[in-house]
Amino acid sequence: MRILVVNCGSSSLKYQLLDMDGERIMASGLMERIGEPIGRVSHRTQTASGPIHQVTFERTMTNHRAAFREAIRQLTASATGAIAGPEEIDAVGHRVVHGGEAFREPTLVDPAVLDAIEKTIPLAPLHNPANLMVINIARELFPYIPQVVVFDTAFHHTIPPHARHYALPWSYYEELGVRRYGFHGISHRYVAREAARRLDLPLKSVNLITAHLGNGASICAIRDGASVDTSMGMTPLQGLIMGTRAGDLDPGVMMYIARRLNMSVDQLEEVLQNESGLKGICGMNDMRDIQKAAESGNERARLALDMFAHRCRHYIGAYAFELGRVDALIFTAGIGENDAHIRAACCGGLAPLGLELDPFKNQAPEDHHGEISAAGSRIKAYVIPTNEELEIARQTVKVVGSLG
Ligand code: AMP
């Protein structure tokens, strides 16, 4: 079965074509700066033995429709495409950021589903409109191909009420949907399954703490294979310190800043989304730059690293206590997969909980099947590269397979 996975942002569109007999990537690409005067197209067609064709060029793409058409053009180009035509695609799997209360599972798209996604837009105004637009374009271009939506919030629907709700007037939940939803669910689910495989245990019996540390970052507590708590909230602004997002804050700070600087809600949101987090602390949001700056004596960069790790430890400790028994701690995403210093700092002081890193394994996890914990550590620790596209494709296959 050939699955086209589509993951789009407000000005970008990422895609991957997978042959699910063997879970092989046939082609992948990224369209950037959609709607800007000059956009950028990157595409790669590959075989099992490596890339066979790779292009990067500039092209104006006035909207997501133009970007999607360009992706199809690349996928089906006569000499270099992975397939002869769109009829060779069996299903399209779309990542949708927010599924609200309605969506707990990957779902086959029909008009009622589209209506329900439309209703979630107020909860995710920056993400869901672009997701919805591309689903509509795909339906229009390929009315005969099943489309499946896979939600980043769905994995967290098992979070129990005491961890799900905010202590606000109850009507805000009932009337406005204000509650914790959690994000990065596709990634947390993928690495949880991989971790269970490495532990040689059924997913349904593992307790894990999964740390997705990328430009966006969240930690998830998993009991018996199901999410029971996560650091992100109603929006992806809550929880860990991120590249440009502050994470947890005293809500009083926001009122204070807004009053003192006479800021509108939109201006405040811009600061919280794009000017805070690591960037707010030290002016840089790429962990590689921050590490280099800290090594050369930049004190604010050092502080940013210490604050980032402190917040991670705070959640790891809380979730270890909440779970009672933890089989493994998993690091994933750009920082989690690549930054041994941050991993070590996140695990510092966790020996009383039963977690000890092996400093040598932590420097080269790939040489140890991803394991970075010391031989006697009661809680194992692993680095597991995430693969959201593969998880979306797997879930799409499950939905399409169940159609009979
Ligand atoms: P992601 O959002 O998962 O793509 O992660 C992106 C972030 O990962 C970047 O902003 C970097 O901060 C971080 N990153 C990527 N590679 C490395 C690396 N080799 N060392 C440290 N951080 C890295």
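Start at 1 and count along the chain as shown; that gives each residue its number.
Glycine too: its Cβ is placed from the backbone N, Cα and C atoms.
Small disclaimer: the values here were computed from a predicted structure and weren't measured.
Record features (TrEMBL):
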ACT_SITE  ASP152  active site, proton donor/acceptor
BINDING   ASN7, GLU388  Mg(2+) binding site
BINDING   LYS14, HIS212, LEU213, GLY214, ASN215, GLY216, ASP286, MET287, ARG288, GLY334, ILE335, GLY336, GLU337, ASN338  ATP binding site
BINDING   ARG95  substrate binding site
SITE      HIS184  site 'Transition state stabilizer'
SITE      ARG245  site 'Transition state stabilizer'
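With a CB cut-off of under 6 A applied against ligand 1, the recorded positions LYS14, ASN215, ARG245, ARG288, ILE335, GLU337 are reduced to ASN215, ARG288, ILE335. In sequence order, PHE331, VAL383, PRO385, THR386 constitute the residues six or more apart from GLU337 (ATP binding site) in its chain with CB-CB distances below 8 Å. With a cut-off of 8 Å between CB atoms and residues at least 6 apart in sequence, the same chain places ASP152, HIS212, GLY216, SER218, CYS220, THR230, MET232 near HIS184 (site 'Transition state stabilizer'), listed in sequence order. Cα-Cα distances to ARG245 (site 'Transition state stabilizer') place ASN215 within 10 Å, out of the binding-site residues LYS14, ARG95, ASN215, ASP286, ARG288, ILE335. Least packed by the Cβ count within 10 Å, out of the binding-site residues ASN7, ASN215, is ASN215.
Neighbour counts were taken as the number of other C-beta atoms within 10 angstroms of each residue's C-beta; across the binding-site residues ARG95, ARG288, the minimum falls on ARG288. Long-range neighbours of GLU388 (Mg(2+) binding site) (same chain, six or more residues apart, CB within less than 8 Å of its CB): ASN7, ARG95, ILE186, SER187, TYR190. The most densely surrounded of the recorded positions LYS14, ARG245, judged by C-beta neighbours within 10 angstroms, is ARG245.
Around ASP286 (ATP binding site), the C-beta neighbours below 8 angstroms that are at least 6 residues distant in the chain are GLY243.
Counting every protein chain shown, the Cβ of ILE335 (ATP binding site) has 28 other Cβ atoms within 10 Å. Across LYS14, HIS212, LEU213, GLY214, ASN215, GLY216, ASP286, MET287, ARG288, GLY334, ILE335, GLY336, GLU337, ASN338, which the record gives as binding ATP, the greatest C-alpha separation is 24 Å. For the recorded positions given as ASP152, LEU213, the lowest number of other CB atoms within 10 Å of the residue's CB is seen at LEU213.
ASN7 (Mg(2+) binding site) falls within a strand when secondary structure is assigned with DSSP. Reduced to three states, the DSSP call for ARG288 (ATP binding site) is helix.
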